[in-house]
Amino acid sequence: MDQAVELPVQRLQRASLYLCTDARRERGDLAEFADAALAGGVDLIQLRDKGSAGEKQFGPLEARQELEALEILADAARRHGALLAVNDRADIALAAGADVLHLGQDDLPLDVARGIIGRRPVIGRSTHDAAQMAVAIEERVDYFCVGPCWPTPTKPGRPAPGLDLVRATAAHSPGKPWFAIGGIDQERLPEVLAAGARRVVVVRAITAADDPKAAAEDLKAAISAAG
């Protein structure tokens, strides 16, 4: 089926490399960065500016600024056949025409979020322990994330359940896509894959790389080699 007419939920099935990036306001290179990362094989790209260097320097993104940044990411995602994700905000996801809305444990109830964004976009959920993971398997989210695998500066103060949660999730063999998240980089990726994950979310492994395209290519190759 042509990718242009595939639904996001169908494209999600093939996705294995999920990138969260801030708006890179202090660098002013969001378009170039996104193009490089997506050219390297990133399947989903999410804007998450909370706690970023740009937020510290310029303050929180206002809704209009967030939509402008998402427009840049959406353009790159279209050109590379990737999925665009919005974090937390169903209204922003709707306004941006996003493919994906990602919800945390304390965000909108699933049915409310679905009522806002409609049926086409996929919805994901963060999980941080075995109980939350079990709920995510049963509830009507399209995918979920498990972690953090390691403590991460993007989630300060959050305990890391570690690879045990990845192993437990793999043992459940969920009938929907799931991603390991939290502190994953090229060096740690083999441990994550050995624990049973075949999809990962990364941040600094690509956002802090001197060559984002090469970093994405290396991560994608390792995931693909794991089968």
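Cβ from N, Cα, C; glycine included.
Residues annotated as 4-amino-2-methyl-5-(diphosphooxymethyl)pyrimidine binding site in Swiss-Prot, with sequence analysis given as evidence: Q46, L47, R48, D49, K50, N87, S126, K155. If you draw a 10 Å sphere around the CB of Q46 (4-amino-2-methyl-5-(diphosphooxymethyl)pyrimidine binding site), it holds 22 other CB atoms from the protein chains shown.
Secondary structure at D88 (Mg(2+) binding site), taken from DSSP and collapsed to helix, strand or coil, is coil. Swiss-Prot lists D88, D107 with the feature Mg(2+) binding site, giving sequence analysis as the kind of evidence.
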